[in-house]
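My questions will all concern the structure given below.
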Amino acid sequence: VMLKPPSDEPLRGVALEEDKPVDFSEVDIRLPLLVYVSREKRPGYDHNKKAGAMNALVRASAIMSNGPFILNLDCDHYVYNSQAMREGMCFMMDRGGDRICYVQFPQRFEGIDPSDRYANHNTVFFDGNMRALDGLQGPVYVGTGCLFRRMALYGFDPPRSKERTSCCCCFPRLKRPKPSAVSEENRALRMGDSDDEELSVCLNPKKFGNSSFLIDSIPVAEYQGRPLADHPSIKNGRPPGALTIPRDLLDASTVAEAVNVISCWYEDKTEWGQRIGWIYGSVTEDVVTGYRMHNRGWKSVYCVTKRDAFRGTAPINLTDRLHQVLRWATGSVEIFFSRNNALLASTRMKFLQRLAYLNVGIYPFTSIFLIVYCFLPALCLFSGQFIVQTLNVTFLVYLLVITLTLCMLAVLEIKWSGINLEEWWRNEQFWLIGGTSAHLAAVLQGLLKVIAGIEISFTLTSKSAGDDVDDEFADLYVVKWTSLMIPPITIMMTNLIAIAVGFSRTIYSVIPQWSRLLGGVFFSFWVLAHLYPFAKGLMGRRGRTPTIVFIWSGLIAITISLLWVAIKPPSSANGQIPSGTFQFP
């Protein structure tokens with residue numbers, strides 16, 4: 001316990017003095033309870049990484065403070081707007097806010113290189129997609145910068161649920177007391193519309209564990225999170241002044257119980273991590289946890305404040321960024337092959353919300369088609385045949401419709417996100433880089449886990465700076481080899497060689513068909529333009545890549561192209577020079 005609970009009466013600061021130039025005589029200087037938690041870990045126990053740590057914090061905080069709302073921040077994030085939590089709680093305590101399970105804030109990052117080479121800001125997602133989801137059932141939970149309702153984390157259904165399905169936990173049958181009769185010791189949980197409705201909610205130790213302190217704290221937390229009954233339209237609210245009851249001071253038994261609920265064996269034979277708290281079994285436990293809440297009928301809210309609510313750091317190194325994307329994509333593949341697939345969602349989840357969650361599980365599989373798309377222009381140049389045999393009107397109309405649709409989508413993304421064209425282009429570039437590397441690896445790893453049961457271990461994303469302390473972005477130029485780089489490098493080399501082969505074939509032809517060449521070269525350059533940040537990341541710091549590397553690369557490309565012409569020379573039947581007339585110098 002770093003800071004003990006504050007006193008009930010306001011504590012005023014020191015008045016203005018000569019050595020104290022600021023007057024705090026009218027300022028309440030009390031500080032809230034501050035507790036540092038380090039959960040028990042032992043060999044032989046699965047501690048479930050971040051999800052297990054969060055569940056331990058939920059239980060410990062229920063014993064120590066039992067606040068109705070919980071703020072989740074990663075260790076590399078900090079509070080940038082002190083009023084953000086107040087704004088989040090306003091959503092939850094407003095009329096109808098008792099059906100909101102969490103308030104998600106956008107992620108904002110510091111320390112990103114000015115060009116945002118690897119699209120770390122992810123503005124299209126945070127300022128476009130998440131705002132759109134806010135108009136449905138709410139944004140997805142992204143793992144940090146999120147204010148939760150404690151009761152939603154406990155696995156309860158939202159109030160006034162139309163479906164009376166069996167929820168994960170239930171209280172004994174209690175009649176809801178009138179607001180004036182509510183006491184600290186007798187606070188009832190409500191889940192319906194009528195004040196006199198009797199609820200059957202069972203707080204079974206097999207679900208929450210054998211801590212009576214924890215079980216007794218649940219109805220108290222529910223009551224504290226109710227909206228204020230300051231308007232006749234608000235039902236089941238709490239009266240003004242109901243939370244001004246003095247708190248009990250911490251004693252040894254309370255601290256001992258908090259230690260008990262974070263022990264490594266506490267979750268054995270309970271539903272923690274299964275239906276209560278953060279959900280286990282996925283490297284993207286954040287998405288699964290939010291999905292379970294939406295699947296029970298809860299809503300979420302996306303809160304964009306004028307001043308950034310929270311700020312954090314992100315990996316600016318290519319390798320670390322690819323590993324981060326790999327972890328996200330692998331979690332999505334796990335979701336697709338699990339019971340958390342949106343196809344299996346309940347009727348409480350809205351149709352468009354279901355489509356959004358379905359996209360979360362499907363997007364890594366688009367890497368298969370993306371790989372084909374990246375190699376197709378090179379294959380056309382190698383074979384000398386365009387994608388289609390003849391450029392007829394049907395194909396051109398189809399191509400025009402697809403192009404206009406993509407342009408319209410780009411314009412809408414830029415308009416809705418409020419970003420400039422360069423930021424949007426960076427997002428498109430890294431979409432292809434990640435799709436041809438991390439997403440493809442995630443599909444393979446996810447299939448191995450599902451089919452063969454091979455677990456994949458991930459290391460924490462490195463966000464440290466490089467060796468050059470004078471350069472703020474030194475880590476941007478550090479080249480760390482990883483197998484994820486093989487597919488993009490192969491795509492780049494194949495397209496470069498294909499362009500050289502195509503030019504060689506056309507130049508040595510009796511009747512050069514430049515239109516066919518330009519069609520293949522255009523699509524190859526389009527692929528290479530998307531991979532430009534990746535190639536730039538491989539070069540490291542400017543000027544540090546030896547010139548001989550570029551010379552060797554050029555010689556290899558020319559040699560392979562000439563070798564291709566020698567192995568498969570142009571035939572005279574196609575109006576090209578006979579193979580016997582072509583000789584190397």
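Using N, Cα and C of the backbone, Cβ positions are placed for all residues, glycine too.
Among the features that TrEMBL reports, UDP-alpha-D-glucose binding site is placed at Lys49. Residues annotated as Mn(2+) binding site in TrEMBL: Lys50, Asp74. Here TrEMBL flags 356-387, 393-412, 489-511, 517-535, 547-567 as transmembrane segment.
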Please indicate, using numbers and ranges, the residues of the same chain that are 6 or more beyond the transmembrane segment (393-412) and have a C-beta under 8 Å from a C-beta there.
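Non-local partners: 424.
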Validating a neighbour-count step here. Other CB atoms within 10 A of the CB of the residue listed as 'UDP-alpha-D-glucose binding site': how many?
14
If one measures from the C-alpha of Lys49 (UDP-alpha-D-glucose binding site) to the C-alpha of Asp74 (Mn(2+) binding site), what distance in angstrom results, rounded to a whole number?
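The separation of the Cα atoms works out to 13 Å.
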If I restrict to non-local contacts, at least six residues apart, and a C-beta distance under 8 angstroms, what lies near Lys50 (Mn(2+) binding site) in its own chain?
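Gly143, Trp278, Glu285 - these are the non-local Cβ neighbours of Lys50 (Mn(2+) binding site), listed in sequence order.
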Give me the long-range Cβ neighbours of Asp74 (Mn(2+) binding site): same chain, 6+ apart, Cβ under 8 Å, in sequence order.
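In sequence order, Gly143, Thr144, Gly312 meet the Cβ cut-off.
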